[in-house]
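Colleague: Here's a structure for you.
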Amino acid sequence: MASSPRQILKPYQMSGALSHSKTVKRFLLLPLASRKLFKTARTRRRINLNLIQRKVFKKNNERLRKDGEFLIVMEQLTAGSRDSKDLMLPVSSKLKYWQWWLLVVLNILFLLAGQTAATLLGNFYYDQGGNSKWLSTLIQTALFPILFIPFIFLPTTSSSSSSSVDTSSGPSIAKLAIIYTALGLIIAADNLMYSYGLLYLPVSTYSLICASQLAFNAIFAYFLNSQKFTPLILNSVILLSFSSALLGVDEDSSGDPADITRGKFILGFILTVGASATYSLILSLMQLTFQKVIKKETFVVVLEMQIYTALVASCASVIGLFASGEWKGLPEEYEGFFKGKASYVMTVVGVGVAWQVASVGVVGLIFLVSSLFSNAISTLALPIIPVFAVIFFHDTMNGVKVMAMLIAIWGFISYLYQNYIDDLAARKAVRDTTEISDASIP
């Protein structure tokens, strides 16, 4: 039985395909065979449109899947090995924009002030009669109980809730103990090398040599954290290395302290470069631990790592203090301190507090941004220290030191600019993915 024109026309009227009155009239005037052909063509067109829509939808889903995998990789980078992108952690995303920036600025001030004060007070300790390298090593970590203060004043609901996830698949206590012990021993050795550097080098020369730690960080991050070398990073590595080498061959640099021989200056130079390399290795190993072992990075976890490694480093320093016999000379050192006994106690305690303040800044920047950014800010403090050394300790600032400082600043800016480019690229990728996902939602 042939369908009437009204029956043939009804589905198109309902779908709005033949809403125009002229089109309806033309359709009714067509012969029956033409009407069937018209209907068949319309149906095929709709089927083709559906196929096209499905292909587009499938293509968008494929793109979203790839972008989703990219975002997962980015989350892994931000949660573990975030040396290549300066992004916020998922926990910090709960903060408002201005709150996040306020915390970043606050931690930058902690790091700059703490590192500057600790370096200057450490040099003051040696200038005024202090001579114990192991005591100087010990006080860099001995006041780690200060790090328990954030557990009291900062909310831990988000971190505790996040840390409660995947507890069954978390690392064993024995594995964490081995990692913390190894890192603590490395930190103790690093602090000892820094102590020798402060003893045998002028504070201005010492601080500028420490600028090489950013170059070492790039090298270790390349091998341990899959950090890619770019022209800007390579430029930074070359400049910072050249800056340190320039100070090492400077004849006038070893002439600041009258009692420092050329041999001791070379030894201090080598140990300071070694300490800078070791410090960069420590940061990369911490990031590798977060990525491969702990697989999460909350403020509580970062603080725990700092506390336990500082505990191990302090125990190792105490053993070194007694094994070396330097503890026997501490009473004489206390009595013969040039500025008096009270000044001796205040200097030792001040160095310890300053290093812990700097440690809070380091921890905060690792939590909010990345370990790479934390090391970059630590390097930023190095050109500031010689200025205060000239003001308070009357260190000489010759032309070679000024040139080395300018080269170090140039390398630092080059490194920061690369991080800025990486940050823009990462944020653009996230923004594009968000726009695609919003467009695909009906």
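Placement of Cβ uses the backbone N, Cα and C atoms for every residue, glycine included.
If you look up TrEMBL, you'll see 100-122, 134-155, 176-194, 206-225, 232-249, 265-286, 298-323, 343-369, 376-394, 400-417 marked as transmembrane segment.
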Colleague: Of the listed stretches 100-122, 206-225, 298-323, 400-417, which one has the most C-beta pairs under 8 A with the transmembrane segment (343-369)?
Modeller: 100-122
Colleague: If contact means at least 3 Cβ pairs within less than 8 Å, sequence distance 6 or more, would you call the transmembrane segment (176-194) and the transmembrane segment (265-286) in contact?
Modeller: yes
Colleague: Residue list, the transmembrane segment (206-225) vs rest of chain: Cβ under 8 Å, 6 or more residues beyond ends.
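Modeller: Distant contacts of the transmembrane segment (206-225): 81, 83-84, 119, 123, 197-198, 233, 236-237, 240-241, 243-244, 247-248, 268-269, 272-273, 275-277, 279-281, 283-285, 287-288, 291, 372, 375-376, 378-379, 381-383, 385-386, 389, 401, 404-405, 408, 411-412, 415.
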Colleague: Six or more residues beyond either end and a Cβ under 8 Å away: which residues meet both conditions relative to the transmembrane segment (400-417)?
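Modeller: For the transmembrane segment (400-417), the list is 204-205, 208, 211, 214-215, 218, 232-233, 235-240, 242-244, 246-247, 250, 252-253, 376, 379-380, 382-383, 386.
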